[in-house]
Amino acid sequence: MASKQLKLVIITGMSGAGKTVAMQSLEDLGYFCVDNLPPSLLPKFWELMKESDKMDKIALVMDLRGREFFDSIEPALDELDNTNFITTKILFLEADDKVLVSRYKETRRHHPLEPNGSVLDGINAERELLSDLKGRSQLVINTSNMAPRELRERINNEFQTEDKDVFNVQLMSFGFKYGIPIDADLVFDVRFLPNPHYIDKMRPLTGLDEDVYEYVMKWPETMAFLDKLVDLLMFTLPFYKREGKTQLVIAIGCTGGQHRSVALTEYVGKAIQQKYETTISHRDMKRRKER
């Protein structure tokens, strides 16, 4: 059994209030997420999870979609409250009736409690059924005036751990001849810089080697570009983080991904990691050229 304290977040609340956004936000924070787990299975599920050393943060979405099981949620929560190795927090999401009706109309969905009737009747019934659960929730968020980005930001502020910056910058060098990385958010082309490939002694080396690095960096256009690129990133990264992104992939490419892109990725990485959690990788550096 895992020796450390385990964290459980139960996401519940009104249909249309943002539970999916909340679950996705917690998933980005490293929580193992399960949607629509019947409450009666909660104690058994937790018995399985506590045996895993890799899962110490769990988020479960529980709502009235499984209405026939929902009556068992109170005793299930009582049982968890009596378990000393679990810290349970209930997150309840709600919104005003007018806002919920508007959201249902926008998505053209039926309310789960009134699939063939009035959306407002379904909302009223759901609000009444969830009143006791709302009363025992540690955190209640009204999303009426929140955009999804704002809800993600609120979730991040509430649940991010103090020892981890939830915004990670991934810097990657690559070669255009092998294709642009499909997961890149930002792509920068540095093929305009002088190419060490055409210098015989540097051809078998990479941008990690001192001779190549110094060669790439000695050109005025290199340093001018790097100054502008670092300034651009330092300006834009806080706004990407504000939008709720927890990861940003920045790809820097040259022809083969061996020299220029590697050197510049190392330089930019050292600048960015002074303020942000940063990982550096070189996708194509070890590739062998086909003869």
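From the backbone N, Cα and C atoms, a Cβ is placed for every residue, glycine too.
Here's what Swiss-Prot has on this protein:
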- GLY13, MET14, SER15, GLY16, ALA17, GLY18, LYS19, THR20: ATP binding site (BINDING)
- ASP63, LEU64, ARG65, GLY66: GTP binding site (BINDING)
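Sequence features, as recorded in Swiss-Prot, placed on the structure.
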residue	record	Cβ contacts under 8 Å, 6 or more apart
GLY13	ATP binding site	LYS19, ASP63, LEU91, PHE92, LEU93, GLU94, LEU130, LYS134
MET14	ATP binding site	LEU93, GLU94, ALA95, LEU100, ILE123, GLU126, ARG127, LEU130
GLY16	ATP binding site	ALA95, LEU100, ARG103, TYR104, THR107, ARG109
ALA17	ATP binding site	LEU93, GLU94, ALA95, LEU100, THR143
GLY18	ATP binding site	LEU93, ALA95, ILE141, THR143, MET146, PRO148, LEU151
THR20	ATP binding site	VAL61
Cβ packing number for ASP63 (GTP binding site), 10 Å threshold: 22
Spatial separation of SER15 (ATP binding site) from LEU64 (GTP binding site) - C-alpha basis, Å: 8
Neighbour tally for SER15 (ATP binding site), based on other Cβ positions within 10 Å of its Cβ: 22
Number of Cβ atoms other than its own within 10 Å, given for LEU64 (GTP binding site): 21
Listed in sequence order, residues not in GLY13, MET14, SER15, GLY16, ALA17, GLY18, LYS19, THR20 with Cβ within 8 Å of the centre of the ATP site Cβ atoms: ASP63, LEU93, GLU94, ALA95, THR143
Assigned conformation of THR20 (ATP binding site) - DSSP reduced to three states: helix
